[in-house]
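*Asks:* Sharing the features that TrEMBL gives for it:
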- A:1-100: domain 'NADH:ubiquinone oxidoreductase chain 4 N-terminal' (DOMAIN)
- A:7-34: transmembrane segment (TRANSMEM)
- A:54-72: transmembrane segment (TRANSMEM)
- A:84-102: transmembrane segment (TRANSMEM)
- A:105-385: domain 'NADH:quinone oxidoreductase/Mrp antiporter transmembrane' (DOMAIN)
- A:108-128: transmembrane segment (TRANSMEM)
- A:140-159: transmembrane segment (TRANSMEM)
- A:213-232: transmembrane segment (TRANSMEM)
- A:244-262: transmembrane segment (TRANSMEM)
- A:269-289: transmembrane segment (TRANSMEM)
- A:295-319: transmembrane segment (TRANSMEM)
- A:340-358: transmembrane segment (TRANSMEM)
- A:378-398: transmembrane segment (TRANSMEM)
- A:419-442: transmembrane segment (TRANSMEM)
Amino acid sequence: MMKFLFMMVFLTPLCFFSYWYLSLFLFYLSFLFIFMFNISKDYSFLSYNFGLDLLSYSMVMLSFWICSLMLLASAKIFKKKDYYELFMFNILFLMFSLFMVFSSLNFFIFYLFFEISLIPTFFLIIGWGYQPERISAGKYLLFYTLLASLPMMVGIFFIFKSVNSLDFYFLSLNLDNFLFYLCINMVFFVKMPMYLIHLWLPKAHVEAPISGSMILAGVMLKLGGYGLFRVMKMFLNMGLKINFIFITISLIGSVYMSLICLQQSDIKLLIAYSSVSHMGLVLSGLLTLNLMGMWGSLVLMLGHGLCSSGLFCLANISYERLNSRSLYLNKGLMNFMPTLSMWWFLFCISNMAAPPSLNLLGEVLLINSLIIYSKLTMIMLALFSFFSACYSLFLYSYTQHGLFSSGIYSFTYISNREFLLLVLHWIPLNFLIFKGEIFSVWI
Amino acid sequence: MFKFNKIIFMIMLIMSSLISISAYSWFSMWLGLEINLLTVIPLFLKKSNKYPSESMMKYFFIQALASTLILYSILMSFNLNSTFISKFSIVLNSALLMKMGAAPFHFWFPEIIEGLNWNNTLIILTWQKLAPMIMLSYSMMNPTFICFSIIFSSIISGIQGLNQISLRKIMAYSSINHNGWMISNLLVSSDMWLFYFMIYTFISMNLIYAFKLFKINMIQQLMNILNYNKLVKISILLNFLSLGGLPPFIGFLPKWLTIYFMTEKTFLFLTNILIICTLIVLYFYLRLILSTLTFKIKESLIFSFKKMNIIFLFINSINFTGLILTSIFPI
């Protein structure tokens, strides 16, 4: 644990020297972390306030991986010398805080770094975004989260007053109080994001640079799920009574969001809404509080993190060449970039949960858990799966097939860096399923 | 030009506050406050324009009124019998709240600060609050009244500050908001109050020094300073996020401790109101620093060429590392 912490701290000076060295070292860090994998459901690697169980391990792994890929994806910032030192420092700081969030054993340290990780994300959107609307998007991101998270601080201290400890291990408070439930959980619902409080997410995704989109879809949304995993222990009684409200909202929201995806003309917006829809499924599976729900939500969080991040990368590759995210201009790309078309296909089918992907495993488990919870969810689940296939196909066919737009100017072919970026998203997404039991049967 | 009289008055200003916070009787506290008033007024003086004189007049009237009320309530309550009567404690508390510019009695505060220069603004925002707050902590017989003032401070500062474009007024409204936090600290623990006060003073000192150095008065001017060195500009203006109490900065620490102590004493409702209203204040802080954070802004207009000194950068670095340092070396 300490070695990763120190490695990240001492990488800080490198931020101000070399872009590719930092990228290299972040990958080195990720691989070091992969080799540490000998983890079960119990906490291991304990030191001070930090430790890892399988949930934390997979989340830290995801955030290391996504942060390394962020540097790989945004080489344009380096080429344009667009304050790239600050950019690298931002990413490193984000990675540090995500590491601390996911590996902390203490609720307050979790909360502290949860908030800290908000700041670099905000800077990424405001600093390196494209349109002037990024300012309002950043404000949405910040204030949605802060409005829900500051009452959680009061809730945390209330727990401390009652239990006299904030270790996740000792959170055994069982309060039947709806306000307390909202105080603690609302921030995770905002962060997931649950339907009705998701408005910050599409805005933030559209305005963010590629790195911001990747980290938002890849890791920040998973913070909410991770937090719910940790605190749901406190709300067993309360959850049995009122979780159905949030399950209903997020399932209906998932279907709505899928329908909204089908009428988008902006690629990034489509992917953002699709991630709201998927996270709705994760949230509802998690709130059923049964075993399959827990397994499935971890697997779908991992799968969705890699898949939507990869889709954002693809969208950005098109954007850098065509200077537009519109589906009406990004047409017929198969004519120019047939190899990229294969990658679009692979990521789109992963997004619709086609066989060799983590999303499939996750969705199967989550659908099982929800049907165990209530037969009525079958309607929404059927619609959700159908429409998720629909919009993924819609995205693929509209971007790749058809006649290309005549306004396209000449552009370069896909570089090795970009292929590497996509491969490194795709391999864990589709190969982890061969050893799926370590991530699915983990409690 | 070396102004000897200002040095004398400054020393007397400090001494008088110390007199009133360390006094043994209420009468000598009042005496300290009076000396404080009479020494801070000459400090405001500036001959080049008439705004400081206007501020001096207003400040004198308000503070004299408050002092009269303090004297009145002291005399009335101790003449009757030697215990402190709750009725007069409300009069006394109102007078003290008026002296420090807390909310229902805050109307003079932004107006007066608007006419002063940055040094005097700093004095009014920080040092002038010391004595009334300590006196308030001695005489809080009626917590409901104090809670009323706290809630008013936080709501009013957020809403009125949204509309301002003058940095002095924004600092004044933010100070009213911090008044709310500091008074709520007084309710639960005076050690926490000291801590909050120190960190608030530190952050405002940083900001106001920068404003003075670069001669910034309005928020538009923030766009044009220091564009040749974004890193330094960010490190200055992130003090605003610190003032708003966002986590990786030092300003989060006193808020964290305050919320902790208040939750422990089960002031749950009051804490939530404070937190939510501080978000409004954070909104206008954020508006100030957005020009810094949007990197792709046009940078052709560079007005200020003053170089940064290294000490300033060093002091600002405490803003970033303070939270981590305090966790390494616990208090």
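Note that Cβ sites are derived from N, Cα and C of the backbone, with glycine treated the same way.
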*Asks:* Out of A:7-34, A:108-128, A:244-262, A:269-289, A:295-319, which stretch touches the transmembrane segment (A:213-232) the most, going by CB pairs under 8 Å?
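*Replies:* Going through each listed stretch, the top one turns out to be A:295-319.
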*Asks:* By a Cβ-Cβ criterion of under 8 Å, what residues six or more beyond either terminus of the transmembrane segment (A:340-358) are in contact with it?
*Replies:* 274, 299-300, 302-303, 306-308, 310-311, 314, 317, 333-334, 385, 388-389, 392-393, 395-396, 399-400, 414, 419, 422, 425-426, 429-430, 432-433, 436, 439
*Asks:* Roughly where does the domain 'NADH:ubiquinone oxidoreductase chain 4 N-terminal' (A:1-100) sit in mean pLDDT, to the nearest integer?
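*Replies:* Result for the domain 'NADH:ubiquinone oxidoreductase chain 4 N-terminal' (A:1-100): average pLDDT 89.
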*Asks:* Short question: which residues 6 or more past the ends of the transmembrane segment (A:419-442) have a Cβ under 8 Å from it?
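*Replies:* Contacts with the transmembrane segment (A:419-442): 41, 54-55, 58, 65, 69, 72-73, 295-296, 298-299, 302-303, 306-307, 309-310, 313-314, 339, 343, 346-347, 350, 356-361, 365.
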*Asks:* Count the residues of the domain 'NADH:ubiquinone oxidoreductase chain 4 N-terminal' (A:1-100) that DSSP assigns to helix (H, G, I), to strand (E, B) and to coil, and report the three numbers in that order.
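*Replies:* So the counts come to 72 helix, 7 strand, 21 coil.
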